[in-house]
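Novice: Below you will find the structure I want to go over with you.
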Amino acid sequence: MSNLMASRRQKAGDDGERSLIGPPSRHVDENLPDRDAPKPLFVYLLAFFSALGGFLFGYDTGVVSGAMILLKKEMNLNALWQELLVSSTVGAAALSALSGGYLNGWLGRRICILVASFIFTVGGIILSLAPDKVVLLVGRITVGLGIGIASMTVPVYIAEVSPPHLRGQLVTINSLFITGGQFIASVIDGAFSYVRQDGWRYMLGLSCLPSVLQFFGFIFLPESPRWLLQKGRSLEAHQVLSQIRGGQNIDEEYDTIRASIEEEEKDLNGGGPVIFRILRHSPTRRALIVGCGLQMFQQLSGINTVILALLAVGFLLSAQNSPPITLHPLDPQNSTCRTYGSCEGCMLDPDCGFCFLENGTNVYDSSCVPVNQSSTDHAAWGRCSNGTEASDNPIWAYNYCPSSYSWIVLFGLILYLAFFAPGMGPMPWTVNSEIYPLWARSTGNACSAGVNWIFNVLVSLTFLHVAEFLTYYGAFFLYTGLAMLGLIFVLGCLPETKGLQLEEIENLFAGQLCSCGEPSPNSNRHVQYIRVKGSNYLPSDNDASDVE
């Protein structure tokens, strides 16, 4: 790769006459031309239709919670079926994300997005028409297959069609659409929560609208020019790149991409599956470790250690001031609920709930009784079993305790979302779309997306058990420690990719894996602008040591 970069600079020097822009000694920061470069609207159009895949992902994860409230009553779902309907989508997404690398290399980015939107549309139709819980499960699995393919394809496609100075911004649009999808899902849930009969069908079925829009949009949108060049379709790739760049002179960028692909083909160590070639090639192996590590820490921690810590402190204070249980009624079911002395222990038992009276902020006449197995909205027996909401009736609390410290938890959650949204939310997807060379990009993103979904499942399945053994504050202190490990990993192992072409980024992983904060190989680079005969102004790289 270093030979490739040297040959590009030599080619620029041999092309013809050049003249410096401005005084000979003037050096311009390499980001200046990026800020001044035109921003073709077509790139934003591509990013919008691509990011609809992120919107579908966000909508599905957000809408299912509201739909389950109606589903568990209408279809009489027990806890196992509720877990199946939620986790089956995540499991299917993990499998399809892992297979998405092969599909991207074979079919291309555009076709994979079309396939993902088609699968999601079919899944949405199945969900909206499902007559029973078995068909509903089939629909959830189908939707998961579409989400998995889209989750690893969309960032790659956006990164490959974006100019370097817009790449991070445009890839982040996908994460913005994920958040937007979750917000719209909450609005839809609220709107149809009053439709007691079949309201969940509208919640789940409306996901077809953005997927249909994405499908028809991508019928008219182009394939990634980098994928086209990799497949030998040079003329088509040149036309697409020119269309995406809004008619700008793209000869230098086109030649850079083509030369990079040719050099990669020469450097590949034999054949075999791409994953084995990634593991044999040191720079891509290091990039894969970084990419998968980021996705893992996104799920294990998700936010910087200060905010997680705040949630832990909030739960700790709530636990230490947990209301005592003052009544121990005779239990006809002979359960363990009556053995607890405070709300904290009662809350952590999934078979129990807290029944109490309240006078302002004072809790009195409290008891721990078994929960109704068919509905957690009321107790199995006793004064909290009728479900009425009169002011003089006892209050039923399942999976929470009344506390004056709840605001700390709420404040921590707000900060969590505020810092997660621009940070560890979008960045693992953005970085993974950039750090692999073209021949490894699909497989690398498939592996990292698969890691994300796998740890998503693991965290979802283990959280309640962790909370049961460590309590809620203990669980969040555990996530605080994991977040600190993630922070160290990011500081030590993740290089800066801002302003670099995709073909240049592999050089950042040519050295040791974790630099512990050392500057990247490109951090001391200066840029002069030169005029090449028959071309636009082009940057010429010079090391700091060469500058007079």
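Glycine is treated like the rest: Cβ placed from N, Cα and C.
All TrEMBL annotations are machine predictions without curation.
What you are looking at is a predicted structure, and each value in this text was computed from that prediction instead of being measured.
What TrEMBL records for 1-33 is region 'Disordered'. Summarising the annotation, TrEMBL assigns transmembrane segment to 41-59, 111-131, 137-158, 170-188, 200-221, 287-317, 405-425, 446-466, 472-494. For 46-498, the entry in TrEMBL reads domain 'Major facilitator superfamily (MFS) profile'.
A description of the local structural setting of each listed feature is requested, covering burial, neighbours and distances.
Specialist: The list of residues near the transmembrane segment (41-59) in space but at least 6 beyond its ends in sequence, with Cβ under 8 angstroms from a Cβ of it, reads 113, 116-117, 120, 146-147, 150-151, 153-154, 157-158, 161-163, 166, 170, 173-185, 207, 210-211, 213-214, 217-218, 221, 243-244, 246.
Listed as Cβ neighbours of the transmembrane segment (137-158) (distance under 8 Å, sequence separation of 6 or more from its ends, same chain) are residues 46-47, 50-51, 53-54, 56-57, 60, 84-86, 88-101, 103-104, 109-110, 112-113, 115-120, 122-124, 126-127, 130, 167, 170-171, 173-174, 204, 207, 211, 224, 429-430, 432-433, 441-442, 445-446, 448-450, 452-453.
Taking Cβ pairs closer than 8 Å, the transmembrane segment (200-221) reaches residues 45-46, 49, 52-53, 55-56, 59-60, 63-64, 66-67, 70-71, 74, 110, 113-114, 117-118, 120-121, 124-125, 127-130, 139, 143, 146, 185, 188-189, 192 in its own chain, all 6 or more past its ends.
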Novice: Give the one range among 111-131, 170-188, 446-466 whose Cβ atoms make the most pairs under 8 Å with those of the transmembrane segment (405-425).
Specialist: 170-188
Novice: Under 8 Å between C-beta atoms and at least six residues away from its ends: which parts of the chain pack against the transmembrane segment (446-466)?
Specialist: 86-87, 90-91, 93-95, 97-102, 104, 148, 151-152, 275, 288, 291-292, 294-296, 298-300, 350, 428, 432, 474-475, 478
